[in-house]
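Inspection log for the structure reproduced underneath, given as structure tokens.
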Amino acid sequence: MSDIALTVSVLALVAVVGLWIGNIKIRGVGLGIGGVLFGGIFIGHFAEQLGITLSAEMLHFIQEFGLILFVYTIGIQVGPGFFASLRVSGLRLNLFALGIVVMGGVVTAILHKLFEIPLPVVLGIFSGAVTNTPALGAGQQILRDLGIAPDVVDQMGMSYAMAYPFGICGILLTMWLVRVLFRINVDDEAKKHESAITNGHALIKTINIRVENPNLSNMAIQDVPILNSISIICSRLKRGDMLMVPSPGTVIQIGDLLHLVGQPGDLHSAQLVIGQEVETSLSTRGTDMRVERVVVTNEQVLGKKIRDLQVKERYDVVISRLNRAGVELVASPDASLQFGDILNLVGRPSSIDAVADMVGNAQQKLQQVQMLPVFIGIGLGVLLGSIPLYVPGFPVALKLGLAGGPLIMALILGRIGCIGKLYWFMPPSANLALRELGIVLFLSVVGLKSGGDFIDTLAHGEGISWIGYGFFITAVPLLTIGILARIFTNMNYLTLCGMLAGSMTDPPALAFANNLHATSGAAALSYATVYPLVMFLRIITPQLLAVLFWGMG
């Protein structure tokens, strides 16, 4: 059998064994994708014993390409929400997550100096303790840039494997300790979160208002400031028994019923100006109008503003809402369309069909992957990661590397959405498939490289000590920030658990947090809020630690 065929066969075996290990759950918690690492260690140990030699060049390529696929698809997935998560609504969560990352780096530095842990080993322990695989890849790359021998760099993968399972356990233990320490009732926390969501967040609502203000009589909608704003859409007007789609030039009269779409605060302001809310239905049932949702798939309209489509002037149709990545938004005239946006249309059937044809509404396109933008994005990401950043006093230039470059580029491209006919939307199923493939390839190679000496290190070497160091790196920041967040901000427990899981970018921990209350989405929401920033910081941190430790000797 050729070297290539042998290497591919062994990698396939590692993936099968590793994914099987990851599916084994104890009390609902398993290693998940991390099981592939231990599958690689298991197969790597026996390959060493049997004298099986694999292609080193091929393994290196597969490891790096797998990492690129993984971080790029993560960036494309979270890109649309990344910059929004940095705004005020998520600022507090991101600050606490930042504190966890920084404190983890400080604990790592202290352990490195106190116990004189070798640089590759301590970076591997750090990456495993925070259960972040891209951090492992970034750390290995900077060590190679520093000129450290490949066999020494591979120690990082072995120490990562030692610390990884106890990193997961440390997160779960922290969640349990915070719950016990503050005597938290999970059901009460879920109710509090639901109440906060209902009362505090600006959700899209609708209201029917009768025009009673005499000052508005015979005024065009575009001349009424509250109605001619980007925060409210008037999608229907009923006059007597006639239901119509109003245009900016439509003249309103006393007694008209208006169907408004917007955020609760804006709708309340409109009610104060226009008149009283009424229970009268403005449903399209029994009329020649209908409401329909269509999806934007036509490359010709990507990047265009809603006002530029002129759907009211050309088709007598109103776009009342815009759904982007699961978030309902007011269809502001200045909003630019992105691939996959869902538009809520109100109008006559024939007119809606015409608008649907204009924007595409080809559901099958949502399941297709445009591969050209994928490789353009990966190529640009690799170039970005290769740009050296020279810092005075540092022995080598810092780089975003093959982990950071594609991630940052994907975040930017995911936020932009499209450039001309190129769109970076990726169907969730395709994104997940590429992401899982990438991480399986990466972890398989890391496990294979670590497997030869893993058992000896655990049984006769310093493996137990490495596990202890890793537990400190995991537990100290999580417990400290978890307790401070609960005491000083009274953070909701489910939100706190999601933030802790997100600060470690740990899906098994998120699964555990979600299972604390099956119907609450609090944990998932906070996890998603901190995940993009933390993933970036986790990739940069081992590089900074490596250069600092190297410089200090």
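Just so you know, glycine gets a Cβ as well, placed from its N, Cα and C.
Per Swiss-Prot, the features are as follows:
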type     : residues : note
DOMAIN   : 191-276  : domain 'RCK C-terminal 1'
DOMAIN   : 279-361  : domain 'RCK C-terminal 2'
TRANSMEM : 4-24     : transmembrane segment
TRANSMEM : 28-48    : transmembrane segment
TRANSMEM : 65-85    : transmembrane segment
TRANSMEM : 95-115   : transmembrane segment
TRANSMEM : 158-178  : transmembrane segment
TRANSMEM : 371-391  : transmembrane segment
TRANSMEM : 403-425  : transmembrane segment
TRANSMEM : 439-459  : transmembrane segment
TRANSMEM : 464-484  : transmembrane segment
TRANSMEM : 493-513  : transmembrane segment
TRANSMEM : 533-553  : transmembrane segment
Stretch-level contact, the transmembrane segment (158-178) and the transmembrane segment (493-513), CB cutoff 8 A, at least 3 pairs:
yes
Which one of these stretches, 403-425, 464-484, 493-513, has the most C-beta pairs shorter than 8 Å to the transmembrane segment (371-391)?
403-425
Top Cβ-contact partner of the transmembrane segment (439-459) among 28-48, 95-115, 493-513 (pairs under 8 Å):
28-48
Determine how many residues of the domain 'RCK C-terminal 1' (191-276) DSSP places in helix, in strand and in coil.
27 helix, 27 strand, 32 coil
Which residue counts does DSSP yield for the domain 'RCK C-terminal 2' (279-361) in the helix, strand and coil classes, in that order?
23 helix, 27 strand, 33 coil
Residues of the same chain, at least six outside the transmembrane segment (464-484), with any C-beta under 8 angstroms of its C-beta?
96, 99-101, 103-104, 107-108, 111, 115, 117, 121-122, 125-126, 128-130, 159, 162-163, 166-167, 170-171, 173-175, 177-178, 181, 458, 496, 500, 503-504
Can you say which of 4-24, 403-425, 493-513, 533-553 has the most Cβ pairs under 8 Å with the transmembrane segment (95-115)?
533-553
Chain residues in Cβ proximity to the transmembrane segment (493-513) (below 8 Å; excluding those fewer than six residues from its ends, i.e. six or more beyond):
28-34, 93, 96-97, 100-101, 130-132, 167-168, 171-172, 174-175, 178-179, 182, 184, 186, 189-190, 193, 474, 478, 481-482, 485-486, 520, 522-531, 534-535, 538
